[in-house]
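This report concerns only the one structure given below.
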Amino acid sequence: EVQLQQSGPELVKPGASVKMSCKASGYTFTDYYMKWVKQSHGKSLEWIGDINPNNGGTSYNQKFKGKATLTVDKSSSTAYMQLNSLTSEDSAVYYCARDRYWYFDVWGAGTTVTVSS
């Protein structure tokens, strides 16, 4: 069974950073790009960026450049996203999704990030 297992919820203070994970199983990790998506309450999904697990190449939505950093660990079939300098605007659910030619065919359950002092 193809699965993406995301790390648990995070409660962080303004100005801090957070790093979440997305562990892939059931397929060859390096065969598919991994996308990251933000779902803010009451808003539509926003594409953050994607990473090629084969070579670590990344592409970012301009809005999230400097905010998000995407990395992978091929040895554990895990993708990571670090978010920096957090503010209340970063409170959201963040999803990883396997990219099949811009059709996101497998999704993680999401990681909830709450930024609060």
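Any Cβ shown, glycine's included, is placed from N, Cα and C.
Taking the Cβ of C96 (disulfide bond) as centre and 10 Å as the limit, one finds 32 other Cβ atoms among all the protein chains shown. What Swiss-Prot lists as disulfide bond is C22-C96, and the listing cites sequence analysis.
Among the features that Swiss-Prot reports, domain 'Ig-like' is placed at 1-116.
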Residues that sit under 8 angstroms from C22 (disulfide bond) by C-beta distance, when 6+ apart in the chain: L4, Q5, Q6, S7, M34, W36, T78, A79, Y80, M81, C96, G108
For C96 (disulfide bond): DSSP state (helix, strand, coil): strand
